[in-house]
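One structure is given below, encoded as structure tokens.
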Ligand SMILES: O=C(O)C(=O)CO
């Protein structure tokens, strides 16, 4: 059995600290050797590089940009020395990725180029989450599903060829549409597996967020075993509160982590949850996995 590797999602953890550099340092001080993040694009890249090196952590996953930006805090970040962590987009009303969105192909490709620039600069050699995006406002899933899938397959083939030149794995992540994001295009591991089959590129894998899989489908053990060969990254949070794995909820993470150990899962497990209190105080559960 190989030991599990955890990474801190600094878009969710250590949010007591406004600056990315502070969060990277805090993650390292808490014991993490690796971090992941949703979006860092409004943070000044050279500062980000310096902060990562100073903290001594690996960046193992970033997302492609969400799309329409609500505002860019690049000016404030560039102007100030601090790297205020900011979402690069109006995530409520706007976009949540562009991979499957009709008429946004050029923006998807631009966002992919930016993600590769940041991944290379941050020495994030391994993974970029290629976000699918939402159904157009006013459309119904049944009416647009076929068109959006064809667009997603085409964009993923393009992305896979570009990423393979950099040795980077692309990931697609089903996000639950029951609670978190009702208009998101990709919402089940079965749909994602079918799309990956159609794309047929070995450097594209499945990002398994246990929180979303439980809400959409349950049947976690069978789904983990069925899709294990194509799983390239995992994220965890308790259901329904999306708090720490050991918080009250539906999931027995001790059992799920044991299952992953028994199958020698070699990837990272992203801690993408809302701490109930301070991040540090909520990390008691992870000590069992840090030998
Ligand atoms: O919303 C989530 O679970 C994500 O991982 C988005 O990147």
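Each Cβ is built from the backbone N, Cα and C atoms, and glycine gets one as well.
Nobody curates TrEMBL annotations by hand; they come from automatic prediction.
What TrEMBL lists as active site, proton donor/acceptor is 173 (among others). Residue 173 (active site, proton donor/acceptor) has a Cβ environment of 23 other Cβ atoms inside 10 Å.
Residues or ranges marked as active site, proton donor/acceptor in TrEMBL: 272 (among others). Counting only same-chain residues six or more apart in sequence, the Cβ atoms lying under 8 angstroms from the Cβ of residue 272 (active site, proton donor/acceptor) belong to 9, 11, 12, 36, 209, 211, 235, 236, 237.
Per TrEMBL, domain 'Xylose isomerase-like TIM barrel' is recorded for 24-288. On the 0 to 100 pLDDT scale, the domain 'Xylose isomerase-like TIM barrel' (24-288) averages 91 in this prediction.
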